[in-house]
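Below is one structure; the comments refer to it alone.
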Amino acid sequence: MGVVFGLLWLFTGLLQGVHGQGVYAPPTVRIVHSGQACNVEEERYSERVYTIKEGETLELQCLVTGHPRPQIRWTKTAGGASDRESSLHNETLRIENINRHQGGRYYCKAENGLGSPAIRSIRVDVYYLDDPVITIHQSVGEAKEQFYFERTVFLRCVANSNPPVHYTWRRGREVLSQGSDSGVEIYEPFFTQGETKILKLKNLRPQDYADYTCFSSVRNVCGIEDKSAHFTLSNRTAPPSIKLLLDDPLVVNPGETITLVCVASGGEPHPSLKWMRPDGQQLPKRSVVKGGTLTIPAVAIDDGGVYSCVGSNNVGNPAKKTTTILVRGLRKGRFWITPDPYHNDDNIQIGREVKISCQVEATPPEELQFSWLKNGRPLRSSERMVITHTDTDVSPGTTNLDIIDLKFTDFGTYTCVASLRNGGTPEISIDVNISSTTVPPELTIPRGRSHLITQEGDTVDLQCLVSGKPKPIILWSRVEESGVAAAAAATALMPDGSIQTESYDGILRISNVTREMSGTYRCQTSQYNGFNVKPREALIQLVVQFPPAVEPVHTEIRQALGRAFSLTCRLLRAHPARLLRYEWKLGTRLLTVGQFSDQRDDTNYHVRALNREGYGEYTCDITNEAGAGRCTFLVTGKAYPPEFYYDTYSALWQNRPRVYGFKLQWTQMEPNAVDRILAYRLGIRQMGQSRWWEQEIPMEGTIQKGELLTYNLTELIKPESYLVRLTPITRYGEGDSTERIITYSGRLSREFQCGFEDEALCLFSQDKNDVFDWTRHSAATRDTKYTPNTGPSSDHTGSKQGFYMYIETSRPRLEGDTARLLSPTFNSKSSPVSNNPTYCFAFYYHMYGKHIGALNIFLRQKGQAVTDTLVWSLTGNQGDRWCQAKVNIHPTTAFQMVIEGVRGSGIEGDIAIDDVTIEEGECKDPPPNSDLSSFLTKFYSY
């Protein structure tokens, strides 16, 4: 519940500070809901379950406490390890038109750098009911074309739903139930989910030919109406059968329009037809489907493949027919020359054998045909010119020309021509020259280019010179490193992200080279479009130099005048890493220079006493041959920004009918880092307007870390919102500003409230003169191992996550020991009617255990002397329950409430309190029950 300061009479002054431990607190979080929930309930371990109808709007709000203001993040997982996580940085999670897949567990996480992050979750259960579907089946082994007499028939009704669906069957107007008809059974197989859904008709009878209706229901949960499906069973009812009116496979030319026709040849009811491709592939985008006809205009090679027509009428199993579309085409023409394999020589020589191979991928492969030309004239197979082809079932297709006993007259240009027997696509021609100049390739690296040094960001060319005729394609790849780095280098890719890169001129150009591209590169000859011999290869070492990488690249340092401090610039990596120099500057003024030793990787600059001239930008440049890395330090005396305090609940109060006030609270971030803060500049602007109103708030003394500062804003016009800006001022000048928006909520509190949910305890404090302290706790974390028969099992609302205050009476506590909890100090409000205004002090207490001592309430008034007056008291075991007490008080000056717990005779004497309120006016409807008989007419508890 936190704390609510509602009225002006509750403020002790215009500007006040709260000292001690301060108000810094780790975050707490709770999730509240709005929108269109069907139900919200608590589950085990206090997880909340939010039920919503599909299509409605989900709205969850994450309410946080903690100071500084926590950062909020919503995340969602559906519960499985493979589920993707989504996140939202906002207090409110809103999903319009929610669908079933968006159900799951939603987490709100709040963190502010103090303690552990606070996390709460809520499970969203999306309810829905789809239209049911009735399917008809015969018993296994009895399926026929039609449903004859003396056959067992199953009518199955299925509807996707959440929660599980309840099914009801009707035959005509007759409701079918188990036992109502000896020829009918209604049951649920063990392998299905949900309730009864299968209707079994045993030994089909004439009266079983009828209209059947399946009603599906989720019992009107979330207002979801029942749904139904109908089916007419007759002696003509039969599963679907279909046929394709086309050739299989269907071979077509590119660019043609093809039509696939699928028709139903049987089945009652008449089957519906659908075309599809395997593995979830989509039909071509330009295709048109009309009934069982699929039309694909301007067919392309990528459109080839398997197409299936599926016919379904919910009777038996769907019927499926499949065809294959083959789009004629020729691709990837290649050749290679193989010298005489019987001699250990890669060269072509007169009198020896040489083979020319040609390879092409064809669709369909059986239509592929090859022909050979020599110098443009047809060439036929002979004893010396042997032409062979691979089997048509092998793809890609290959043809070989073996030249036996090569002669000088065999030199010339040989052409391999690939085509399809039925045409439809252009042929592919590959020329291969055989002559005295046809020699195998050789690879060399230009002089001085095997070890290249470049700098990051440059463009570098890696070159391999290839000789020979014909010149083969050059393949570039990276070489796996040996040793420790082998595993990482084994997956090293080329600069374009591929494993291998082709080059036709032997040059690999790398633009904007990076340090990750350092390493060894291999160039080698390809087997294709060249000699079929052992690949030639060469290696090139690439070294990429880069300037030093340093940290911090940029940082801000806030310092007060007269203090000493040091600046450190660290070297992370550099290449080359030798002869590194550093240079420190303040602005343009050189401070110091030096050189790194082999043992150090950082450099420091010390300032003994900061003066005004010492403020500014310090730079440290660390340089090598490739350039410089720079650390930048901005040394300033600016104060850090204030931190607005958002946990002042109901900080609004009513001034006059059209005017309201707001209690603005904040702490100062790191107040001791810079000179003392002299004042704050307060700026306020009405939202929607451009004019700012400003004033200074002077500060006396030194602000402590965690000290809560307060300033009351008055004369705010209802119902306008305002943007507030707060800027700290030191002798250095203005510091960093912080802004927040103040919104008029229309709910002005006339009471102080505290539920102890915040670690700041609503500014309650422990009395330093008692024996021991009250403890903040929740039932979820409290250990009852040693005292199980005392203390509460939840806070007063029943939540195990909620907090309360209690006294722990276990050892070393002794009988009569006291613990006192002090409320904040309030100013008593003067009244024109009475000088003694009345307030109602109310709280919940839990006094359970056989050793319960006493719970006392004192009114402490701070006049010329401090006086404590006992206003309420209760002793002894009151049972394992929370009770509320109310008491009227009549302070005449500034006052506090003192809550005293007294230890009883043993360890089973824990006393707890929760939800304290102070409200203007007398207590309403308080039934009397108090140990103070003299106060019975004024003080009450129940």
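Cβ coordinates are placed from backbone N, Cα and C, and glycine is handled just like the others.
What TrEMBL records for 1-20 is signal peptide.
Under the heading domain 'Ig-like', TrEMBL lists 27-125 (among others).
Residues annotated as domain 'Ig-like' in TrEMBL: 132-234 (among others).
Residues or ranges marked as domain 'Ig-like' by TrEMBL: 240-324 (among others). Per-residue confidence over the domain 'Ig-like' (240-324) averages out at a pLDDT of 94.
Residues or ranges marked as domain 'Ig-like' in TrEMBL: 339-435 (among others).
Helix, strand and coil residue tallies for the domain 'Ig-like' (441-541), in that order: 7 helix, 44 strand, 50 coil [DSSP]. According to TrEMBL, the feature domain 'Ig-like' maps to 441-541 (among others).
For 548-636 (among others), the entry in TrEMBL reads domain 'Ig-like'.
Here TrEMBL flags 648-748 as domain 'Fibronectin type-III'.
Taken from TrEMBL, the feature domain 'MAM' applies to 752-925.
Taken through DSSP, the domain 'Fibronectin type-III' (648-748) splits into 3 helix, 57 strand, 41 coil. For the domain 'Ig-like' (240-324), DSSP puts the residue distribution at 6 helix, 46 strand, 33 coil.
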